[in-house]
Amino acid sequence: MAASELYTKFARVWIPDPEEVWKSAELLKDYKPGDKVLQLRLEGGKDLEYCLDPKTKELPHLRNPDILVGENDLTALSYLHEPAVLHNLRVRFIDSKLIYTYCGIVLVAINPYEQLPIYGEDIINAYSGQNMGDMDPHIFAVAEEAYKQMARDERNQSIIVSGESGAGKTVSAKYAMRYFATVSGSASEANVEEKVLASNPIMESIGNAKTTRNDNSSRFGKYIEIGFDKRYRIIGANMRTYLLEKSRVVFQAEEERNYHIFYQLCASAKLPEFKMLRLGNADYFHYTKQGGSPVIDGVDDDKEMMHTRQACTLLGINESYQMGIFRILAGILHLGNVGFTSRDSESCSIPPKHEPLIIFCDLMGVEYEEMCHWLCHRKLATATETYIKPIPKFQATNARDALAKHIYAKLFNWIVDHVNQALHSAVKQHSFIGVLDIYGFETFEINSFEQFCINYANEKLQQQFNMHVFKLEQEEYMKEQIPWTLIDFYDNQPCINLIEAKLGILDLLDEECKMPKGSDDTWAQKLYNTHLNKCALFEKPRLSNKAFIIQHFADKVEYQCEGFLEKNKDTVFEEQIKVLKSSKFKMLPELFRDDEKAISPSSATPSGRTPLSRTPIKPTKVRPGQSAKEHKKTVGHQFRNSLHLLMETLNATTPHYVRCIKPNDFKFPFTFDEKRAVQQLRACGVLETIRISAAGFPSRWTYQEFFSRYRVLMKQKDVLSDRKQTCKNVLEKLILDKDKYQFGKTKIFFRAGQVAYLEKIRADKLRAACIRIQKTIRGWLLRKKYLRMKKAAITIQRYVRGYQARCYAKFLRRTNAATIIQKYWRMYVAQKKYQIKRAATIILQSYLRGYMARNRYHKILCEHKAIIIQKQVRGWLARLHYKRCLKAIVYLQCCFRRMMAKRELKKLKIEARSVERYKKLHIGMENKIMQLQRKVDEQNKEYKCLLEKLNTLEGTYTSETEKLRSDLGRLQLSEEEAKIATSRVLSLQEEIAKLRKDLERTQSEKKTIEEWADKYKKETEQLVSNLKEENTLLKKEKETLNHLISEQAKEITETMEKKLIEETKQLELDLNDERLRYQNLLNEFSRLEERYDDLKEEMTIMVHIPKPGHRRTDSTHSSNESEYTFSSEITETEDIPLRMEEPSEKKAPLDMSLFLKLQKRVTELELEKQAMQDELDRKEEQVLRSKAKEEERPQIRGAELEYESLKRQELESENKKLKNELNELRKALSEKGAPEVTAPGAPAYRVLMEQLTSVSEELDVRKEEVLILRSQLVSQKEAIQPKEDKNTMTDSTILLEDVQKMKDKGEIAQAYIGLKETNRPFPMDCHELNEDEELWLVYEGLKQANRLLESQLQSQKKSHDNETEALRGEIQSLKEENNRQQQLLAQNLQLPPEARIEASLQHEITRLTNENLDLMEQLEKQDKTVRKLKKQLKVFAKKIGELEVGQMENISPGQIIDEPIRPVNIPRKEKDFQGMLEYKKDDEQKLVKNLILDLKPRGVAVNLIPGLPAYILFMCVRHADYLNDDQKVRSLLTSTINSIKKVLKKRGDDFETVSFWLSNTCRFLHCLKQYSGEEGFMKHNTPRQNEHCLTNFDLAEYRQVLSDLAIQIYQQLVRVLENILQPMIVSGMLEHETIQGVSGVKPTGLRKRTSSIADEGTYTLDSILRQLNSFHSVMCQHGMDPELIKQVVKQMFYIVGAITLNNLLLRKDMCSWSKGMQIRYNVSQLEEWLRDKNLMNSGAKETLEPLIQAAQLLQVKKKTDEDAEAICSMCNALTTAQIVKVLNLYTPVNEFEERVSVSFIRTIQMRLRDRKDSPQLLMDAKHIFPVTFPFNPSSLALETIQIPTSLGLGFIARV
């Protein structure tokens, strides 16, 4: 492809810049071949001429399209070069706040210098099991890939973490190990994963320090090898360290610190256990104050010390060893304070009794004199003699520092050894994952031996990295059958040879160290002589003879030779070491024990610990005569060997690379320094990866992805059924140069820049289509506009022409009007003249005529006055005569009318007394009055009957006499009152006379008062007017105040209502939290239970199987799988033949609160067990005592039998007596009763009939008692033995207790006790009694009968008295009622007819209502009494049955033969089925097995009624309750619960099984509630169902156990459906394109992303809906409660929403406008499913609200402040972190979409800063809502349930 096609106008390029490294610019005109200058315009608007290099003529790098910027994988970029990589990283880091980016196989991690919420356990769960390309880049994704490849390929893995100091290597390695520890779990109970993580704080404290670049810089390299077993669970770990920076112990640069552990010690110096160390502030010690920065911001050294000690304890370093470590570290600090004084230039000394040295010697346990001597002297050995030589001050100081470094290095290695011992596992290691945390390439102003070793290690690692990348590229090409061409890549083997080959730098350094007078200068000269001008990679600085330059792969580095030899030798005086070895402090010699056999005079292996390779290192052979000292290996030699071992290990594993980048040197959060970043990218090999990728085919597309993306470039005829051929045909047309792409088996490979070219063509095609659409739309809009304008013009013209016509018409009208005006004006003028003349004439005439008329009027007026006078006189005379006549006539009329009125009044009085007249007047009331009269008559009759009855029973004469006396007394009282009233009348008359006088006096006063009142009235009126004005003002103020008060009341009410609602919500949340906490506790308890059972099974297998075999499980299973199974109850321990105690080191980690609760429960169970044991002992003693008493009183049974026979005779006689009384009573009623008394409606008749019915009922009861006693007599006589029965366990005391329990037969118990108190010995056989004794027995029986009769007479007398009192009360009430009726009648007679009828009706209604209420109350009381009596009757009948059964069990065959007793036939009625099932105790296991263990849910759910097993079990429980067998009830319920747990443990991953038993457990629980007998549950039952309630046992505790079991089953059901749904959710909700063609596919890079095209086997939304339908139909078939189904559906939808949203938040490729549309469509389909199932009110839709809002957030406009306000109000279900994350991840799929600006995101953050929500990013997908089981009674009658034969329950019988 020609450059002229790419470098066209508006194309964007990158040009170098000294400040920003690379700048973006835009071409102003097309490039033509041969142009030397490019016309560019920078982003700031500045124009620039860019000159091309005349030699290379290289054009500037092209910039990628905006759509590719911000990609997860740098290899997805079309143009792969340095500026593209740098820009992509910067955009992701600054704009999107994403710190991880893939670069092929490398994960680039940029240190944000800020805590990010992306490392929680929810994030770990989200990445677990996911493909690497499906999720956003993350350290967890790399760890998951390593773990998955280890399990899949069974090959060891390595994660290589490298980078500069401060880039975040240690943190990345720590998070990788945390991921392995969380995901894999532990194979044992020893918590190895916790120990692996606990090693981090220890190693950080002793190996990390603050530098100018990093507050927690690792000053050593480490390789941690995490071991796994065959099930890929962590079993152990091993750590190997490299090149500890010992010089930091004695020297720190400015603004740096020593190792953290020293400052932690100083911060904890005040602790009592540290007083012996005599520590102080860090500024006091020389080794901690040199940097001048003893404190790190935000770090508490005291707390860090506590964490370090806790980690040591967890790793098995006990308290004594810890104190030993701190003692040695404190000694090092005090050693640094030892000072020297110079004696002369060749010697020095230590001041006497030097305190730092004394403390050092005390802590180290060495002699002060020896240490003081050898610090200032050294021993020299020659061939012939040895002598001691003093050393100068500077050498003594260096020797002191060397000793401190050596001690610290030894201590460091000792700690690493102990950490490895703690992490070592005895189990064989199957595979491992290594995590290498090693220093990156370093270059400083002054580079020494440490930097040389670090850069040497990085050269080796870079070589391995290049080879691995090259190998992967080659494998990919071979896999896709692409022709392989050799790619030229940088090989740094020459640089490695320069360092490690023969006569290399290290070899020459070791040789110089062996020279007696070797120095850094001579070594530098050897380097110059050997390599200068011979190796292109080695150079000599111009201005220095003590330095050299090496061209590394990353950069040139200048090394200063000074100190190389000393650091390589690492010399320590041997005499000082010997002094330390002779220490009394036992731990100190341990540190130097390996010196005798070690490899090095310093650290054993400063580069590491336990070898990773299994190949041993062959020791160098020592020639005879040479000392061991000459062959001690140097530090460089050791480092080279350990590096070779490391490379062998890495080459034997599959490596994964993490490159950590430091964005700036100032530790500013999210600040990107391009210069520093590109320097590190060059050094860490990222750009080399890009170069290798760019040299081949970096862009790779599957055929389906290519077709989906570039379908717009194809014509319809180009689209074939074969996608591969279609893509080939299109590419051949689009890209003519065939070398620019290759077709593989499954992918198309493109050269660099080709995807950008295709994107350009695609964008041009879309742009052309957009232009065409815009053209058409604009044309349509303009035509619409033209038509509107045309229509408006026509309208304007119409109105203008109309206006003109109206103006012309107006002109015509005005002309016509003017003519008319003229005409009328002229007429008016003429008319005026005429009128003036006429008016003058008329005035003259009027005056004349007026004069004549006035004369005539005066004459007529005089005549009229005379007539009026005559009229008045004549009228007065006539009226006077008329008044006299009228008065006489009126008087006559009055006399006559008075006489007639008197006669009429007399007639009316007579008629008023007549009823017939009343009837005539009130014909309408006749019927009603007749009814009332009849009623009055009936009441009178009843009253008479009652009076007669009262007279016959109690003597009416006495009562009437008393009544008359009382009336007499009342009359006497009224007479006295009349006398008093007479006297009072006289006194009142006297008072009236006085009052008359007072009245006259007051009248006189009244006049004066009235005068004064007038004045006062005027004043008052004035005052009232003033007061009214004030009142109006006050009223206004009152109204305003009332208004304010009402407003305040409203506000207060609203606030109170809000508070109430909030408090209610809070209480609901607290209740749900408490319920959730309880259910989580149940879940934890079931998990522990299951673990306990598993351990028991394992121990059983170990005991019973002599040679246990190995069971292999699926390697992909996690150790967390135990969470998804259920366990059986611990009560099954009797089934275990042997119980062994587990070793303490294998116990699972427990929650302490749960452990304490379980421990408390165990204690309670032990106490219960002890109490039951005591009760058993007591029962045994009672049995023994009963045996003894039975031997003493063997003949008591005969007396009991005699008593029973006497009682029977007594009852028979009493029955005869009652019959006779009944007959006599009937005769008396028929013969003597008056007809009105014995009438059926009479009260006396009702009373007698009630007595009759009660007597009949009592007779029936007596009959039943006779039958029962006869049967008991027969059974007891059959049980009698002539001889002593030794096997009988029944004692008389026990029988007495049984008799006393019969509460309805108290007479039997009393008679029995009375008989027992006689203490007479009776013969056992009744037939052996003589006559006298029989008479005595009859006499005793008669006495007892007399007593009974006497008691019955007393009770009858009491009942008679009570009835008499009741009758009296009733008579009194009738009297009152009669009086009230008469008063009411009188009142009604006074009312008009209509009101009278209405009042009588109202009265009747009120009376009937009161009577009905009374009757209803009586009926309710009787119903309650009947239920209570029925329940008692059942209890007593059952107890009698038990007594009969117990007596029958004691019958032997001999007893039956010896006792020829006549059998008694007792007739029994046919009983209906009572809804109970009877089974034998031995058949319980068979019942449980057939009904629970072997039951197949599918057949039961389809063919039988829902909940059938629950009904059957409850009916069995009912029968056990009916028998009052608590043992049977307890055994059945326990077996049921344990069997359900066994089934769920065995088939716990089957949804149908779990759903079936959840439904049946809930139904069983509801049955226990429904038939418990509690009123709250009984109100829903039918009367028949209430009869089936449990009578003997309260199973509330078992209801709680079943409720807990239901909760556990529900949680297991949720886990099962979650496991089924989880693989479908992401694919169906996010990846699959439900609406085809909406979202385009973007380039994916090297990491393969899951395709969104629905291939065969891919889950779609339809798959999810089908699965939901399946779940719902299964639950409905099983008869699960509707409320419970709603809760399950709500949980399912929560899982769908949470997993979808979590994946959306972790996948940048899913955050686009089109994906938001897909999600909203998918959610609408789920809502439609809810509507179809009538589950919209289940709360499931609300759980999808966060997902809905996230989809809306992807689609709304995101530009202005109004948009931000709308987003903040819309996204109330999302947290601030989630909103910001979605906005940061928002990625346009097409160029027409715009990215979200950083300023807009900041605006959102500012608006949401006050919102109080969780900082957690992801939703908790494992959250389970607390479940409730609302009571749901069944309408199914138990007696109608039929048991199918298919269940195999033929051994149970219906009762």
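Glycine is treated like the rest: Cβ placed from N, Cα and C.
Nobody curates TrEMBL annotations by hand; they come from automatic prediction.
Since this is a predicted model, take the numbers as computed values, not measurements.
Under the heading ATP binding site, TrEMBL lists G163, E164, S165, G166, A167, G168, K169, T170. The coiled coil annotation in TrEMBL covers 915-1098, 1155-1231, 1339-1439. The compositional bias 'Polar residues' annotation in TrEMBL covers 600-613, 1116-1130. Residues or ranges marked as domain 'Myosin N-terminal SH3-like' by TrEMBL: 8-60. Under the heading domain 'Myosin motor', TrEMBL lists 69-763. The domain 'Dilute' annotation in TrEMBL covers 1534-1810. The region 'Disordered' feature in TrEMBL is assigned to 598-634, 1107-1130. Look at TrEMBL and you will find 643-665 tagged as region 'Actin-binding'.
This view paints the features noted in TrEMBL onto the structure.
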residue : record           : contacts (Cβ under 8 Å, 6+ apart)
G163    : ATP binding site : A109, K169, G440, R659, C660, I661, K662, Q680, C684
E164    : ATP binding site : R213, G440, F441, E442, C660, K662, Q680, A683
S165    : ATP binding site : T211, R213, N214, S217, S218, Y439, G440, E442, K662
G166    : ATP binding site : N111, T211, R213, N214, S217, K662, K667
A167    : ATP binding site : A109, N111, N214, G440, C660, I661, K662, Q680
G168    : ATP binding site : A109, N111, C660, K662
T170    : ATP binding site : E204, N208, N216, S218, D437
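Panel annotation: around the region 'Actin-binding' (643-665), residues 89, 93, 103, 105-113, 139, 142, 145-146, 149, 153, 155-169, 172, 176, 213, 223, 240, 242, 434, 436, 440, 456-457, 460-461, 464-465, 468, 607-608, 611-613, 615, 617, 671-673, 676-677, 680-681, 684-686 of the same chain, lying at least six beyond its termini, place a Cβ under 8 Å from a Cβ of the stretch. Regional average pLDDT for the region 'Actin-binding' (643-665) in the model is 89. Residue counts of the region 'Actin-binding' (643-665) by helix, strand and coil are 9 helix, 8 strand, 6 coil (DSSP-based). The local packing around K169 (ATP binding site), expressed as other Cβ atoms within 10 Å of its Cβ over all shown chains, amounts to 27. Taking the mean position of the Cβ atoms of G163, E164, S165, G166, A167, G168, K169, T170 as the ATP site, the remaining same-chain residues with a Cβ inside 8 Å of that point are N111, N214, S217, S218, G440, C660, K662. Each residue of the domain 'Myosin N-terminal SH3-like' (8-60) gets a DSSP state, and the totals for helix, strand and coil are 0 helix, 24 strand, 29 coil.
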